[in-house]
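Enquirer: Shown below is the structure under consideration.
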Amino acid sequence: MADQLTEEQIAEFKEAFSLFDKDGDGTITTKELGTVMRSLGQNPTEAELADMINEVDADGNGTIDFPEFLTMMARKMKDTDSEEEILEAFKVFDKDGNGFISAAELRHIMTNLGEKLTDEEVDEMIREADIDGDGQINYEEFVKMMMSK
C-alpha cells in the first residue's frame, strides 16, 4: 500500500514523522504520540494512545517506525477523510470558533506542531486556500484544500 505513494508524499510524511519522533530515535512511542496530540488540542487517554500505536505496529514492539507510519498514512489517504474528520480538523485550527481560520490561528497550530514558518509561508498557505480572497479560510475552502491533497 505504501508503494502507491509519490516521492513527494513520502518526503512530507518523513517530515511529519520527525515532528512526532521528538527524541529522533526513529520510532514514535505512546508518550510522543500523546505530546503531539495534546499540542493539537486533543486529550487522548493512555489506552487510546496504546490502541492507536497497536493499530499500525506491525512488528508488535510497542512503537511505530517509519515504514509502519507510511502504511498508516497510505491507509488513511485511501479512506479519504470523512466529512466528520475534516470538520474536527477545522475546529482544531479555528481556535476562536468564529468559522474562519486566520493567519494567526494557522501560525499558532503550525508552531505547536514544531513547524516554524515565516510570516510569508503562513500568508502563502492562506492565499493558496483562500478562494474568496477575504484573507482567511472558511470551512468550504478548508474542505476543498483537504480534498485536493
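Residue numbers in this text run from 1 along the chain shown.
In case you wondered, yes, glycine gets a Cβ from its N, Cα and C as well.
Pulled these from Swiss-Prot:
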type    : residues                               : note
MOD_RES : ALA2                                   : N-acetylalanine
DOMAIN  : 8-43                                   : domain 'EF-hand 1'
DOMAIN  : 44-79                                  : domain 'EF-hand 2'
BINDING : ASP57, ASP59, ASN61, THR63, GLU68      : Ca(2+) 2 binding site
DOMAIN  : 81-116                                 : domain 'EF-hand 3'
BINDING : ASP94, ASP96, ASN98, GLU105            : Ca(2+) 3 binding site
DOMAIN  : 117-149                                : domain 'EF-hand 4'
BINDING : ASP130, ASP132, ASP134, GLN136, GLU141 : Ca(2+) 4 binding site
Enquirer: If H, G and I count as helix, E and B as strand, and all else as coil, what does DSSP give for THR63 (Ca(2+) 2 binding site)?
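Expert: The residue in question, THR63 (Ca(2+) 2 binding site), is coil (DSSP, three-state).
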Enquirer: Can you name the far-off residues of the same chain, 6+ from the ends of the domain 'EF-hand 4' (117-149), with a Cβ under 8 Å from a Cβ of it?
Expert: 80-81, 83, 86-87, 89-90, 93, 99-103, 106-107, 110-111
Enquirer: Round to the nearest Å and give the CA-to-CA distance linking GLU105 (Ca(2+) 3 binding site) with ASP134 (Ca(2+) 4 binding site).
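Expert: So the Cα of ASP134 (Ca(2+) 4 binding site) lies 15 Å away from that of GLU105 (Ca(2+) 3 binding site).
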Enquirer: Including all protein chains displayed, how many Cβ atoms other than that of ASP59 (Ca(2+) 2 binding site) lie within 10 Å of its Cβ?
Expert: 10
Enquirer: Specify the nearest of the binding-site residues ASP96, ASN98, ASP132, GLN136, GLU141 to ASP59 (Ca(2+) 2 binding site), where nearness means the distance between Cα atoms.
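Expert: Closest by Cα distance to ASP59 (Ca(2+) 2 binding site) among the binding-site residues ASP96, ASN98, ASP132, GLN136, GLU141: GLU141.
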Enquirer: If you count CB neighbours within 10 Å, which one among the binding-site residues ASN61, THR63, GLN136 has the smallest count?
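Expert: So among ASN61, THR63, GLN136, the binding-site residues given, the one with the fewest Cβ atoms within 10 Å is ASN61.
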Enquirer: Distance between GLN136 (Ca(2+) 4 binding site) and ASP96 (Ca(2+) 3 binding site) at the Cα atoms, whole Å?
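Expert: Cα of GLN136 (Ca(2+) 4 binding site) to Cα of ASP96 (Ca(2+) 3 binding site) measures 13 Å after rounding.
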Enquirer: So which other residues, same chain and not among ASP94, ASP96, ASN98, GLU105, have a Cβ within 8 Å of the centroid of the Cβ atoms at the Ca(2+) 3 site?
Expert: PHE93, LYS95, GLY97, GLY99, PHE100, ILE101, SER102
Enquirer: Sequence gap of 6 or more, Cβ distance under 8 Å: name the residues on the same chain that satisfy this around ASP130 (Ca(2+) 4 binding site), in order along the sequence.
Expert: GLN136, ILE137, GLU141
